[in-house]
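Okay, structure first, notes after.
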Amino acid sequence: MIQGMTDTYPLLRILPEIIFTITGVVVMVLEPLFPKHASRKPLGWLTVLGALLALAASFYQYGLPIGTAYFGVVQTDAFSVFFHILISGIVLVSALVTIDAIKPDTENTGELFALMAFGAVGMLLMTCAAELLLVFIGLEISSIATYILAGFRRRSAKGPESAIKYFLLGSFATAFFLYGIALTYGATGTTNIPDIAAALLTSHALPLAVVGLSFILIGLAFKVSAAPFHLWTPDAYEGAPSPVVGLMSTAPKAAAFAVLLRIAYEAFPVFHFHWVPLLWIIAALSMTIGNLGALRQRNVKRMLAYSSIAHAGYLLVAFTALSPDGIAAASFYAVTYAAMNVGIFAVISHVGGYDDRLTLVEDYKGLAYRSPLLGGVMAFFLLSLIGIPFTGGFFGKFYVFSAAIHSGMIWLAIIGLINSGIAVFYYLRLLTATYSKPAESALVLTTGRPSFALLLALFLTVATTLLLGIFPGSVLARAQEGAYTFYRAPLVILGTHAGVFADPATAKSITSPTP
């Protein structure tokens, strides 16, 4: 990607967002035209097509010059394009899983696919925003969509309850984020992310800016399910449809992490001595609370909800590195976690059904005997979540912890390694159940034949996780390209004043170990 500020084709800089918007509108228009009990699966395939086009448009954006559009509000660079591809891919696979999960006569599922598309628009806007107000707009678009998706099963007792809890706590976190933007504007006179960094060098209201940054971090910590702002996560995951949980647990987190990286490294690098200790504490709490909480769970979705809290902590470990390696490690881990989590929820969605007939770890006994394919895929994703070599999870954790160690965060890396050991126990508990013969008195586990949509979703997630574990170089190279986005002007100027950033030419690079 060539550096520049060309705005010759502004629409190309938001082409994936346009495609998802059109997809959502078309799905909403077509949905009422279907007979009451007709299958809405064609609308799901339409969403898959939209996600494919958005994915292709995102890859096309790699050929655009670095620059902004619409008066500096939208920014296209290697970092934003990397997360565009990730989020579009997550929506693609989630739509395939949903097509498999919904019953042919299920009503109103057209709205479910439309909400996926509209939520993707908000997440994509967050990742390419160069303006805090656009981040807020994208955050609200994605949040409203996920609130509704979380409570989409209206006949479920837990669905509406979890959605209301998610909405109330989410609104509270959004208020923190918005108030943080207001305080930042009061301290710097701007809400443009690159301009904030320059304004802080001459600002006389730095304490106000510190408070503003703290509020922004609190709002984003809620969105990524980081402790102690994680209380909504287990209930929301348990009450939402399983295909939706695969989307909820990955895409909004990826978007929020992208925003967190951009704000911390591009807008507030001079405050690294404030936000690094804060993120250190949040990372340690998230890993510990998430893994210890998962040990106590018998419900599979609640167990994976606590697991997602722990993985948010692993991602935050990379944030504290203050180096291109840390940013690249966080970006790589986001891809790895997305592939693993969407894949495992695809299996859970098919086994448990749209209505979650089977929810407990014991219910999965005999899965490998009833369906060797689903049992094998479940085992593969569990091993990857543990971090077994030749899986994406191994390299993801290796890059995160090595970045922390190289930056001197040795104790945080040790805490992460200890928590990775704790996680082995609850992942193996589900793995053991999958390959155990059920007792005669147990509920007979029945699984329907996987549909083409599910097989395609499983192939994409398994292949991605496997390739990331064997050939991580290409994805890591793209992640490093995005990381160096933050080391271009004007951040080089900030680096000379604050001593925060190293010269990209002399920065250490992550090297792949031999598994």
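Backbone N, Cα and C atoms are what each Cβ position is placed from, and that goes for glycine too.
Here Swiss-Prot flags 110-130, 132-152, 167-187, 200-220, 241-261, 267-287, 303-323, 327-347, 375-395, 409-431, 452-472, 482-502 (among others) as transmembrane segment.
Each of 110-130, 132-152, 267-287, 327-347, 375-395 was scored by its Cβ pairs under 8 Å to the transmembrane segment (200-220), and the highest score goes to 267-287. Outside the transmembrane segment (303-323), and at least 6 residues removed from its termini, the chain residues within Cβ reach (under 8 Å) are 224-227, 230, 233-234, 236-238, 245, 249, 253, 257, 260-261, 264, 272, 276, 279-280, 282-291, 293-294, 297, 329-330, 333-334, 337, 341, 344-345, 348, 361, 385, 396-397, 399-401, 403-404, 406-407, 409, 412-413, 416, 419, 423, 426-427, 430, 500-502, 507-508. Counting same-chain residues at least six beyond the ends of the transmembrane segment (110-130), those with a Cβ under 8 angstroms from any Cβ of the stretch are 13-14, 16-17, 20-21, 23-25, 27-28, 30-31, 34, 40, 43-44, 46-47, 50-51, 54, 68, 72-76, 79-80, 83-84, 87-88, 91, 94-95, 98, 102, 137-143, 145-146, 148-149, 152, 192-194, 241, 244, 247, 251-252, 254-256, 258-259, 262. It is 409-431 that, among the stretches 132-152, 241-261, 327-347, 409-431, forms the most Cβ pairs under 8 Å with the transmembrane segment (267-287). Non-local neighbours of the transmembrane segment (452-472) in the same chain are 44, 89, 92-93, 96-97, 99-100, 332, 335-336, 339-340, 342-343, 346-347, 350, 377, 380-381, 384, 389-396, 512, 515; each lies 6+ residues outside the stretch with a CB under 8 Å from one of its CB atoms.
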